[in-house]
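The region 'Disordered' feature in Swiss-Prot is assigned to 1-84, 255-280, 334-358. Per Swiss-Prot, the feature compositional bias 'Polar residues' maps to 10-45. Residues or ranges marked as compositional bias 'Low complexity' by Swiss-Prot: 51-60, 264-280. Per Swiss-Prot, the feature phosphoserine maps to Ser89. For 99-121, 141-171, 176-199, 203-226, the entry in Swiss-Prot reads zinc finger. Taken from Swiss-Prot, the feature motif 'Nuclear localization signal' applies to 163-170, supported by sequence analysis. The Zn(2+) 1 binding site feature in Swiss-Prot is assigned to Cys178, Cys181, His194, Cys198; the stated evidence is similarity to another entry. Sequence annotations record features per position, and here Swiss-Prot assigns Zn(2+) 2 binding site to Cys205, Cys207, His220, Cys224 based on similarity to another entry. The region 'SHR-binding' annotation in Swiss-Prot covers 213-225.
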Amino acid sequence: MMNKDMLLHQHQQPQQDENMSNLTSASGDQASVSSGNITEASGSNYFPHHQQQQEQQQQQLVVPDSQTQKKRRNQPGNPDPESEVIALSPKTLMATNRFVCEICNKGFQRDQNLQLHRRGHNLPWKLKQRSNKEVIRKKVYVCPEASCVHHDPSRALGDLTGIKKHFCRKHGEKKWKCDKCSKKYAVQSDCKAHSKTCGTKEYRCDCGTLFSRRDSFITHRAFCEALAEETAREVVIPQNQNNNQPNPLLIHQSASHPHHHHQTQPTINVSSSSSSSHNHNIINSLHFDTNNGNTNNSNNSNNHLHTFPMKKEQQSNDHIMNYHHSIIPPWLAPQPHALTSSNPNPSNGGGGGGSLFSLASPAMSATALLQKAAQMGSTKTPPLPPTTAYERSTHNNNLTTTMAAMMTSPSGFISSNNNNHVLFQDYNASGFDNHGREEAFDDTFGGFLRTNEVTAAAGSEKSTKSGGGEGLTRDFLGLRPLMSHNEILSFAGLGSCINSSASDQLHPKPWQG
């Protein structure tokens, strides 16, 4: 019996163990399932909550934008057009006792305040009551001062207290004064606030003036800038007027040769030399006027004429030129514009442009000068019909002006092959007859030769006193004295013209009368 019980107990024990294991596994599975369900549930619950938080944050960000879109308060001085405009006198506006209590004689600015005060005295009082149907109109107040911007109803202020403060501060008596800048204020609080910042910051104008007040600085700067602009405009306008003055010589040439009017007029830009300041002053002191033949001082000739380089021997004769420049007749005075009145194409006549002197021609030696002069030669043109006396005299002045400019600066006597015939081309193309040509040559070269004789005599004395070395020039053939203008002209083939014109004066030809 006992053995059976033991066997049954042993047999039941594994079953119990198996059942326990099953229970444990089942519980474990349930636990795992439950834990998984909890995790899934928690996960499913977490994400929607997070999304809700994000949506709430986005809504909070949108709310300020909607709040800023609310209607703002009107700016001061921009009232509602439908508002009621009230104009008070200065006395009424500044009165402190408009409404007085008959018991204690206390004054009030508003009737509402007086009615509330009457309640304390057990007096009958009445407050204004508005019905719901009554249309409320806004009230605006204009400034009593006629010169004030707020006197206009369109710039009225919407508050009675505000208009009172405005009138008191801007137009009332200013009793309070700043000790630093002497600025006055009508309200003591404003003066105290100003004194805290007065002098702590400086405003400097471009002209060097210092200001402690910004408003004074702004006013001064506006005036200073306007004054500077006006001064600059006055300086620029006269220069433009001088630069735009037409050359009378060029005007006559363009009128005489209208078919060459389309040709451009190149300008001269020659670098000035310090040694040529004397000749520059001599040329500037003489101004040739082709209209009336008078000599006028040209104050603005520096804007049109540039000096040319001089050689050493020319510098030594500066005092001679200074002494004898008064000998030159007024009609031989060079026109500054004459330096640009030559013609680059001699075959077309004398109406074109061109430069008498090259852009950058250095000081030429005697040999180079003679070679250039030899290239000129003498030009032969067919006889042209005679012209009037006016054209003859005008072109005579033109030729005289050109020769004066050439003789003034011998270093730039001839600049290029394009200008070889510039001396006589305008003269030959102008339609002179033989008699007019001889008169022009005689008047022009006769005056220059007479002046040159005086200059040469003074130059010989100077060279003798200085040892004889200052009057020499270096060329390819060595040292030799400077050639006179007579030698240069005779070498260039012009001497015969001068001699013939001089002899014709003494012995006039039969056809000349």
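Any Cβ shown, glycine's included, is placed from N, Cα and C.
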Exercise. So what's the average pLDDT for the motif 'Nuclear localization signal' (163-170)?
Worked result: 90
Exercise. In the same chain, which residue numbers or ranges, 6 or more beyond the ends of the zinc finger (141-171), come under 8 angstroms Cβ to Cβ?
Worked result: 74, 76-80, 83, 85-90, 93-94, 185-187, 190
Problem set entry | Listed in sequence order, residues with CB under 8 A of His220 (Zn(2+) 2 binding site) and six or more positions away | Cys205, Thr209, Phe211
Problem set entry | Any further residue of that chain within 8 Å (Cβ to the Cβ centroid of Cys205, Cys207, His220, Cys224) of the recorded Zn(2+) 2 site | Asp206, Gly208, Thr209, Phe217, Arg221, Phe223, Glu225
Problem set entry | Positions on the same chain near the zinc finger (99-121), where near means CB under 8 A and six or more residues out | 127-128
For this session: Starting from the Cβ of His194 (Zn(2+) 1 binding site), draw a 10 Å sphere and report how many other Cβ atoms land inside it.
Result: 16
For this session: Identify all same-chain residues not among Cys178, Cys181, His194, Cys198 whose C-beta atom falls within 8 angstroms of the centroid of the Zn(2+) 1 site's C-beta atoms; report them in sequence order.
Result: Asp179, Lys180, Ser182, Lys183, Cys191, Ser195, Thr197, Gly199, Ser212, Arg213
Seminar exercise, completed: Looking at the binding-site residues Cys181, Cys207, the one with the fewest other Cβ atoms inside 10 Å is Cys207
Problem set entry | Distance, His194 (Zn(2+) 1 binding site) to Cys224 (Zn(2+) 2 binding site) (CA atoms, angstrom) | 26
Problem set entry | Local backbone state of His194 (Zn(2+) 1 binding site), from DSSP in three classes | helix
